[in-house]
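Notes for the one structure printed next.
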Amino acid sequence: MKKTAIAIAVALAGFATVAQAAPKDNTWYTGAKLGWSQYHDTGFIPNNGPTHENQLGAGAFGGYQVNPYVGFEMGYDWLGRMPYKGDNINGAYKAQGVQLTAKLGYPITDDLDIYTRLGGMVWRADTKANVPGGASFKDHDTGVSPVFAGGVEYAITPEIATRLEYQWTNNIGDANTIGTRPDNGLLSLGVSYRFGQGEAAPVVAPAPAPEVQTKHFTLKSDVLFNFNKATLKPEGQAALDQLYSQLSNLDPKDGSVVVLGYTDRIGSDAYNQGLSERRAQSVVDYLISKGIPADKISARGMGESNPVTGNTCDNVKQRAALIDCLAPDRRVEIEVKGIKDVVTQPQA
């Protein structure tokens, strides 16, 4: 019968629905089980009646999961009441116990484990019988026996799991005290509830690095100033008003604005350097008056450096024509350097 019970357990395990069983590390669980309890090698005093070795077994257990492979369980088992009848003796035997085992598991899939439990059971066995002549007999015994179990465990949800298990307990009782020393096999179906299995905190992607922006604006000096002057014209103020609205839209979180003034090559280097500085400062002063913080903006005169006309005006000799040809060199460049946060949309 023992071999038959083991074979049935293995066969049923083969049909277990594939699904993650081990609880999270360092968490507790509790459960209950119900199944077929079968006594073996009962060894009663010779009797000519039946011994009902197959009974209903049940139990409750609690455990602590150390990691996906190792846990510890403590539980109570009711192994069933076994009646026996005959001309020589009529009575019943029952056994129950508290067990402590180490549970060793291995994940087959995310939701399915196979496992074994190894440990011991502190049991109590009771017998009560009527013997020929009308006398009665009643006694009990206690002891410790090894426990071996194997099974599969399937996680229905992160909190709830079910298990199919076959458990073997050896030598429950003392034949000299209660008349028998049987072994017990318990094939059971159990369900457990795991604590602390809530969803893991979502992984938050690191914030994207701030985006460094640099914007360049170029304004013609002939629009901003009269020739050879550094005072803004009304048309120049209007142009700077439009520029200021663009700077406001850029809205750097932190950064700076640099105003670069350029002249053409007419006149001495020193004069052109001074004129470019005064023009750049005029633009800075106006933008500060519009609202740009004074500590975020600066002026720099570049004189006649970096001409954009190149040598296109080299053959122009008439002064008026040369002034007109060199107009692109007379300019104000505004460079805005800032850091603008990158806004990311949350994922649905």
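Here the Cβ of each residue, glycine as well, is placed from N, Cα and C on the backbone.
Taken verbatim from Swiss-Prot:
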SIGNAL    1-21  signal peptide
TRANSMEM  27-37  transmembrane segment
TRANSMEM  55-66  transmembrane segment
TRANSMEM  70-78  transmembrane segment
SITE      Glu73  site 'Part of salt bridge gating mechanism'
TRANSMEM  96-107  transmembrane segment
TRANSMEM  112-120  transmembrane segment
TRANSMEM  146-155  transmembrane segment
TRANSMEM  160-167  transmembrane segment
SITE      Arg163  site 'Part of salt bridge gating mechanism'
TRANSMEM  186-194  transmembrane segment
REGION    201-210  region 'Hinge-like'
REGION    205-210  region '3 X 2 AA tandem repeats of A-P'
DOMAIN    212-340  domain 'OmpA-like'
DISULFID  Cys313-Cys325  disulfide bond
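Sequence-distant contacts of the transmembrane segment (70-78), counting only residues of its own chain at least 6 positions beyond either end whose CB sits under 8 Å from a CB of the stretch, comprise 22-23, 57-64, 96-105, 117, 119, 121, 167, 169, 186. Helix, strand and coil counts under DSSP for the region 'Hinge-like' (201-210) come to 0 helix, 0 strand, 10 coil.
DSSP gives Cys313 (disulfide bond) a coil state; it is part of no helix or strand. A simple way to gauge crowding: the CB of Arg163 (site 'Part of salt bridge gating mechanism') has 21 other CB atoms within 10 angstroms, across all the protein chains here.
Mapped onto DSSP classes, the domain 'OmpA-like' (212-340) shows 56 helix, 35 strand, 38 coil. Across all of the domain 'OmpA-like' (212-340), the predicted model scores a mean pLDDT of 84. Every protein chain considered, the tally of other Cβ atoms within 10 Å of the Cβ of Cys325 (disulfide bond) stands at 17.
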